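In what follows, a structure is listed as structure tokens, so that the remarks can point back to it.
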Amino acid sequence: MAGLAPEGSQFDDKQYDKKMQEILTEDFFTSYDDVCESFDSMGLQENLLRGIYAYGFEKPSAIQQRGIVPFCKGLDVIQQAQSGTGKTATFCSGILQQLDYGLVECQALVLAPTRELAQQIEKVMRALGDYLGVKVHACVGGTSVREDQRILASGVHVVVGTPGRVFDMLRRQSLRPDNIKMFVLDEADEMLSRGFKDQIYDIFQLLPSKIQVGVFSATMPPEALEITRKFMNKPVRILVKRDELTLEGIKQFYVNIDKEDWKLDTLCDLYETLAITQSVIFVNTRRKVDWLTDKMRSRDHTVSATHGDMDQNTRDIIMREFRSGSSRVLITTDLLARGIDVQQVSLVINYDLPTQPENYLHRIGRSGRFGRKGVAINFVTRDDERIVFDVQRFYNVTVEELPANVADLL
């Protein structure tokens with residue numbers, strides 16, 4: 001699979017590296033090289049430390065060692081690290097350290113691309129700030145506007161949300177921006193893509209001119225970095241080069257499948273062979289989610305499914321069942337990949353390969369969370385060879401053929 005580029009390969013890694021190098025050599029960033037190897041050495045409030053340790057953290061991850069303190073100092077930051085390395089706790093800690101808890105007004109706004117991810121951030125923020133008495137609320141689509149207005153009127157310190165609902169709350173003046181001093185974009189590559197870019201600008205225009213901005217993502221294409229220049233002031237750059245994006249701890253394999261129609265049999269064979277704690281299966285369309293779910297259930301496999309056409313309440317119930325372990329197999333699409341944070345996921349299967357190399361990391365980063373071992377298996381037809389080639393070049397990894405002893409790896 002790692003030979004010459006297949007005909008029609010779209011990804012130009014030389015052009016990517018050239019654009020990235022141009023941006024990184026410009027006098028746009030502030031250098032910051034301090035590393036804190038323990039949470040105790042970061043100068044954090046005692047009650048924040050209590051929340052961090054109660055959450056289960058013992059030692060800061062690499063991004064936390066470098067990223068929490070500059071954010072706590074009020075500096076603009078751009079931080080890039082692999083999914084599952086503690087980015088969320090990095091900016092949550094930075095926000096919680098700086099809040100004025102005597103002022104029950106929104107002081108920090110966090111935007112995420114999906115409802116599930118926004119709700120996940122809300123949970124982390126609330127857990128880390130448990131001993132501080134933080135008031136945090138998620139403003140997301142698919143929930144009651146009136147309830148959002150009621151909670152915001154009663155007073156919150158932090159709002160986490162999706163761009164559409166947050167902009168609506170600002171426009172209705174239910175969310176007052178006067179005291180917002182911190183603005184965070186999570187999964188910024190997605191947030192700064194064409195779909196969200198205009199909404200982000202519209203929201204930013206309504207915020208105070210003097211505001212701290214944090215940009216966090218697993219991947220940071222040059223286009224996203226260029227956009228950040230419009231609303232950041234000499235940010236601290238904690239940026240991993242593309243060839244340093246680690247997928248360490250996640251073993252990656254491919255299975256050659258001659259025909260699309262044979263994927264289903266291959267998948268069912270795998271599930272009959274392997275003892276799996278929990279797994280996520282990715283396909284590329286909502287219709288395919290429904291189709292594959294029906295096919296697997298008809299063969300007596302217990303699976304759950306979630307996609308953007310389902311109402312929010314149904315998706316919440318399904319994700320709760322999956323997190324609790326009562327459901328062990330989840331079929332979903334890229335849209336919801338970023339809201340899945342389940343520690344026990346040991347296997348990700350790309351039934352369909354992602355159309356963009358950047359999405360590969362977001363998908364397989366669902367396994368091997370926080371240093372645990374994980375396995376990713378990619379179903380590859382002849383039409384998919386170009387995508388696998390692009391992924392290998394993009395992340396500087398080798399995807400090997402699935403060995404016969406795959407059961408020993410899980």
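A Cβ is built for glycine as well, from the same backbone N, Cα and C atoms used for every other residue.
Long-range Cβ contacts of the motif 'Q motif' (37-65) within its own chain (Cβ-Cβ under 8 Å, at least 6 residues beyond either end) map to 72, 79, 81, 85-87, 89-90, 93, 96-97, 124, 127-132, 238, 370. Annotation source Swiss-Prot lists motif 'Q motif' at 37-65.
Annotation source Swiss-Prot lists domain 'Helicase ATP-binding' at 68-238.
In the structure as shown, the Cβ atom of THR88 (ATP binding site) sits within 10 Å of 23 other Cβ atoms. THR88 (ATP binding site) falls within a helix when secondary structure is assigned with DSSP. Under the heading ATP binding site, Swiss-Prot lists ALA81, GLN82, SER83, GLY84, THR85, GLY86, LYS87, THR88, citing sequence analysis as support.
In the predicted model, the motif 'DEAD box' (186-189) shows an average pLDDT of 86. The motif 'DEAD box' annotation in Swiss-Prot covers 186-189.
The domain 'Helicase C-terminal' annotation in Swiss-Prot covers 249-410 and rests on sequence analysis.
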The motif 'DEAD box' (186-189), counted residue by residue under DSSP: helix, strand, coil: 2 helix, 0 strand, 2 coil
